[in-house]
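Enquirer: Quick one: the structure is below, questions incoming.
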Amino acid sequence: MRVYEALKWASSFLQENGRDENAGEIVLCHVLKVNRTGLLMNMREEITEEQEKSFTEFIHKHVEGIPIQYMIGYEIFYGRSFFVNEEVLIPRPETEELIVGVLERIERHFGDEKLHVADIGTGSGAISITLALENKNLHVYTVDIAQESIEVAKENAKALGAEVTFYHGDLLSPFHKTGQKLDVVVSNPPYIPEEDWRGLSPVVKEHEPKRALVGGEDGLDFYRRFMEELPNVLQKKAIVAFEIGVGQGEDVKRLLQQAFPHAHVEVVFDINGKDRMVFAEME
């Protein structure tokens, strides 16, 4: 079987079974140990029987509902490879847009100042590690309630050479204890309403951690809790950045405006035209 034939089969088989037809490309890159460019340059190359067997097994497992990223053990985020397992949410492209928005606002708001930045809800460490690597002026902290998630993130920080301070705790509680004031708080909290959770794809619902996805009946529980805790840990001049669920922009904006009446609060749409981020800037 040639590379293009393997991809054609996988695309058709995945589509017939209601899965993303492009997943075959990710899997074949992993099996052949090449990047996408290498794959495209070798479309007419033969793959070995062993590679074909491995490839078809991965594809069948994905059709059964197992996320590709958990099978191959990583996801690419902001151009870097992050180890993932079922203790952490698989990083999404939308969160890369959150990173871009945060970095732009830090530069505009603070310039080259040394800052204390917290990512709340560590997961794989995608947000905290990326911020630490992209801007060396940031002292980055990250907090997660699940020690299992922290262990995954620590592994990623070590592999990628990022300096991040890890706290095991609930939301902003570690900073209440230490008295540390923060210049920037970033979070991609659980925001899926309980009812929507029931209708999610089995690929997500049966494998990714529910604690990282569901935010109460209306999906806004964690944002409400943030509003209670943020005023006690933020500097007067600060930035808050949230990823949100589709349709939650105005609700989260209202919550931030109530907590910080003088802040400039902005709902930002992602590349697909969906409200996906809310930023608050305090002078």
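The backbone N, Cα and C atoms fix where each Cβ goes, glycine too.
Keep in mind the model is a prediction, meaning the values are calculated, not measured.
What Swiss-Prot records for this protein is below:
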BINDING   Gly121, Thr122, Gly123, Ser124, Gly125, Asp144, Asn188  S-adenosyl-L-methionine binding site
BINDING   Asn188, Pro189, Pro190, Tyr191  substrate binding site
Enquirer: Quick one: pull the CA-CA distance for Tyr191 (substrate binding site) versus Ser124 (S-adenosyl-L-methionine binding site), whole Å only.
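Expert: It is 17 Å, counting Cα to Cα.
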Enquirer: Can you tell me the CA-to-CA distance separating Pro189 (substrate binding site) and Gly121 (S-adenosyl-L-methionine binding site), as a whole number of Å?
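Expert: Answer for this pair: 6 Å between alpha carbons.
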Enquirer: If one measures from the C-alpha of Gly123 (S-adenosyl-L-methionine binding site) to the C-alpha of Pro190 (substrate binding site), what distance in angstrom results, rounded to a whole number?
Expert: 11
Enquirer: Using DSSP with the three-state reduction, classify Asn188 (S-adenosyl-L-methionine binding site) as helix, strand or coil.
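Expert: Its secondary structure by DSSP: coil.
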Enquirer: Of the binding-site residues listed here (Gly121, Thr122, Ser124, Gly125, Asp144), which is spatially closest to Pro190 (substrate binding site) when Cα positions are compared?
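Expert: Nearest candidate: Gly121.
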Enquirer: Measure the Cβ-based neighbour count of Pro190 (substrate binding site), defined as the other Cβ atoms within 10 Å of its Cβ.
Expert: 20
Enquirer: According to DSSP, which of helix, strand or coil covers Gly121 (S-adenosyl-L-methionine binding site)?
Expert: coil
Enquirer: Have a look around Gly125 (S-adenosyl-L-methionine binding site) and count the other CB atoms within 10 A of its CB, chains all included.
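Expert: There are 31 of them.
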Enquirer: Are there residues of the same chain, six or more positions away from Asn188 (S-adenosyl-L-methionine binding site), whose CB falls under 8 angstroms from its CB, and which are they?
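Expert: Set apart from Asn188 (S-adenosyl-L-methionine binding site) by at least 6 residues yet with Cβ under 8 Å, we have Thr95, Leu98, Gly121, Gly123, Ile127, Phe242, Glu243.
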Enquirer: Counting Cβ atoms within 10 Å of each candidate's own Cβ, which of the binding-site residues Thr122, Ser124 comes out highest?
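Expert: For the binding-site residues Thr122, Ser124, the Cβ with the most other Cβ atoms within 10 Å is Thr122.
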Enquirer: Work out the three-state DSSP category of Asp144 (S-adenosyl-L-methionine binding site).
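Expert: Where Asp144 (S-adenosyl-L-methionine binding site) sits, the three-state DSSP reduction gives strand.
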Enquirer: If the substrate site is taken as the center of the Cβ atoms of Asn188, Pro189, Pro190, Tyr191, which further residues of that chain fall within 8 Å of it by their Cβ?
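Expert: Neighbours found: Gly121, Ser187, Ile192, Ala212, Leu213, Gly215, Phe222, Phe242, Glu243, Ile244, Gly245.
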